[in-house]
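Structure first, then comments.
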Amino acid sequence: MRLLTPALVTAAVLLSACGTTETPAESTPTASAGGPVTVTDARGKAVELEAPAVKVVALEWAEAEVAASLGVMPVGVADVAGYKTWNASVPLADTVKDVGTRNEPSVDAIVALDPDVVVMPEGRDATLAGQLEKYVPVVVTKGSDAARNFDRLADDLKIVAKAVGKEAEGDKLLADMNIALDQGKASVEERGLAGTPFLMADGWLKGSTVNIRPFGKGSLVSDVAERMGLVNAWTGEVDAQWGLGQTDVEGLTALTDPKTVLFYSASEDDVFTTGLADNPVWQRLPFVTSGEVHKLEPGTWTFGGPKSVERVADQLLSALAG
Amino acid sequence: MFRTAAATAGIVAAIAVLSAVHLTQGTSSTGVLDVLAAVLGDGDAQTLAVLEGSRVPRLLTALLLGVALGVAGAGMQSVARNPLASPDTLAVNAGAHLAVVATAAFGLSLPVLSSGAAAFVGGLAAAVVVLGLSGGGSAGPRLVLVGSAVALTLQSATYLLLLLFEQETTGLFGWGSGSLTVSDLDATAQMTPVVVVAVVALVAMGKSLDVLALGDDNATVLGLRVRRTRVGAVLLTVALTAAAVTVAGPLGFVGLSAPVITRLLVRFVPGFGRHRVLMPVSGLVGVLIVLGADVLLRAVMGSAAAVRVPTGVTTTVLGAVVLVWLARRTRSSAAPRQAPAGRVGVAGSTRRLVVTWVALGALLVAAPVVGLMLGDRLVLLGDLANWVSGRTGTALTFVVDQRLPRVLAALVAGAALAVAGCGIQSVSRNPLAEPGLLGITAGAGLGAIGLITLVPVAGAWQVAGAAGVGAALAFALVYGLAWRAGLDSDRLVVIGIATWSGGTALITLLITTSDPWNTAKALTWMSGSTYGRTLEQVVPTLLALALLLPLLWSRHRELDLHTLDDDTPRVLGLPVERSRLVVLVASGVLAATAVSAIGVVGFVGLVAPHLARSLVGGRHARVLPVAAVLGAVLVSVADTVGRTVISPAQIPAGLVISLIGTPYFVLVLWRTREMRT
């Protein structure tokens, strides 16, 4: 008896595990307009697609946003729930499938969607691109570069636009973004706010422990604000990829210009206004005394594509107006 | 009496000096002169604000943490009658930390006090498990082994939460190592009464603890209610630790080193030996350590850069050094050591052996086949048959093609770890030893993450190579440090634990300074993942296994002899030290290649040999191959489970093993405890 039950279970499992999940035939390529496309991606690699991609899988949120903005709703995105929380600029359709975490997306899930192309940023996983390429064309974007984030954004956008055959739409997106930024700049100048120093930061609170993460020069958000004629007041050390620094409340005393404005994003707890409200150092900071403390709306993704950039620009502008 | 007072005054003076230096350090431009002026009542408003809003809270928090952890450590060492007991080695820190991270991950934003309560419950649960399993904490390293193992398990669970809730727990990674970046005194103020009450109560219990130090029997004869004293002291020390974790996260090894240093002073200041003095002085020494670590960190790195480094990293490294030094100092215990659990020399009947091998054979075939079938996409046997004959479509071919290296990596790494575990358990004659305890995994992790940090685009081979070099260096370090006119296995293991903790702290340091925004990658690597493996990554492990398993097997008689005691092999003419070195090096190489293939996977090297012994008896001729198969099956199953249960997201195989392995581990501990009493 002791052996019978497991044996029966095993037999049942084996029987049910027989059979196949596919008919052994070659899948027909997706019929689509346009001939073959060659995209030179951020690795400098020429990726050849038989036709402009229709079914796109994006493994990072900026790339997902860009594809959706171009009118090509991705079939799969890594951490869809996270995207919906953190990036409200370009909503994803309910049909978009989750392909796992951004750090370790599921190769099975990607393949199950039978995509025409996978778009992913450099660096998240060094071996993944090489593996996926055996099955599906992979286009790699730069993702972020604190040395040239605006140009990088344009390059990445063009790479994705070419892969999905929407170059005209891509150019329009860029043009729209530049128009929005130019208008923002004009508006800033009109109100005599050009040259206003700003600090953009986010932060975390754990008990009494506060971590503040300033967006230094080279971060995408900083580039947006500077493009509109503002000046980043944070001069501390930042990392080379994202342009992010790290400090505590005392470190903020480096900001002394009374005209300094604070923009911040906070997800759950509002670290800046509740966690620091009673702190004497905080209370003496220039933007606190002048009341220039502005929170970005939830769902403003500070590492996104052109639509996220426009959303950030809009909010900076209305904050300055308010 | 005079000496005690003078020595205490000396410590207090040192604290005063450090505090003064501490106040002058910070990320703002407020410097020594400003602070001096403020103290003389002539400070400007900005200086006063910086002092009040940042530096004084940080200083007071450091003072509170030092006292809490120092006294907690002293209390635990007394209760356990073991100089190696501490909030770290009793897993109290880890339990409290897990509780706090869990509340954050599940979005429970708790006010400080209830977060403190969660930390207390977590810490207490861990302490109860550890003390229970180690029989109330007998002298010797057993308590530390049990505690460290439980701590590592809890840490695995914490890692899992940090990985799955990456966005929700950003910032908690650094906090997890103990951070003093406080911006107000709320938490410190709320925890101060807890600490004061607990310290006063423990000091009041001083006389009882003095009596308890004489041993349970003597204490009972002298009229002490041993059980009640012990439970009371444990609760108080856990409350102290939980208060500290609530304020600043787990600040490593302060609770270990502070009382150890105090006890060393007893030689010069006999008055420190009594608990009523020992406890408060340990608290003061704790303050010295925390303040010293913080001052040192900021002096070396500069205050702005030091923000990124949790103070606990420094205290852990300092504590690890103390632990190593302590282990080298203590003479090897004369107590008889215990052979690995299981029936040494007893062979099962032939029929049992045949049944075992048939079952193992079936498992060895079934595990990888099921591994190929399950995952985010279900592949059926028919598909596999088609795949073998090359008739599957491109999608399915690809799915199976990319699963194959993962499945193979899990198999060979599992087998290598299990064999390494057999070798290490045999020569260290310690049922709780495993490759991680020799510092191998921490060294490999440090090597790999160091390379990823320096060369972000490093290929798989380079990473594997760096891991191998790191493992070899760490192993050489542990072995060299443990060698003092011969190798004492207890000392080896304690030094291994110190190296493990120190290595983990250094990994945290590397991550938080180089790439603070990409902790997930390093965490995944540290918790053992088969994700994205390629066939070429499997080759080194396969080679090591093919060469070293036969080598170890050919020496199975030596391994049998090592498990007996030190003398028998010598009497029989075995060159003990040389043979031991050969076995340890072979085991080390096996473990290092396994780590380079799938990252840090614990427990397999520990559990598989035990399982094997319980199946086929203690003779290594049988244990080695059986353990190899068991290890392979275990990791393979863990891998399959990890990428199936919450697909499309995945749990690293190493974490699955820790979580599955824990119940079994607890069982082993429970049974070996029974054997001892």
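Heads up, the Cβ atoms here are built off N, Cα and C, so glycines get one too.
TrEMBL lists transmembrane segment at one of the ranges B:309-327, B:613-631, namely B:309-327. Listed by sequence, the residues of this chain that lie at least six past the ends of the transmembrane segment (B:354-374) yet keep a Cβ under 8 A from its Cβ atoms are 348, 380-381, 384, 400, 403-404, 406-408, 410-411, 615-616, 626, 629-630, 632-633, 636-637, 639-640, 643-644.
Contact check: the transmembrane segment (B:534-553) against the transmembrane segment (B:492-513) gives fewer than three Cβ pairs closer than 8 Å, residues 6 or more apart, which falls short of the contact criterion.
Counting C-beta pairs under 8 angstroms (sequence separation of 6 or more), the transmembrane segment (B:143-165) fails to reach the transmembrane segment (B:464-486), with fewer than 3 such pairs. Only pairs six or more apart in sequence are counted, and the transmembrane segment (B:309-327) with the transmembrane segment (B:407-426) gives fewer than three Cβ pairs under 8 Å, not enough to call it a contact.
In this chain, the transmembrane segment (B:277-297) lies close to the transmembrane segment (B:233-257): three or more C-beta pairs between them fall below 8 angstroms, excluding pairs fewer than 6 positions apart. Same-chain neighbours of the transmembrane segment (B:233-257): 61, 64-66, 68-73, 75-76, 78-79, 84-89, 92-94, 96-97, 100, 112, 115-116, 119-120, 122-124, 127, 131, 175-180, 182, 187-188, 191, 194-195, 198-199, 201-202, 205, 209, 286, 289-290, 310-313, 315-316, 318-320, 322-323, 501, 505, counting only residues six or more beyond its ends whose CB sits under 8 Å from a CB of the stretch.
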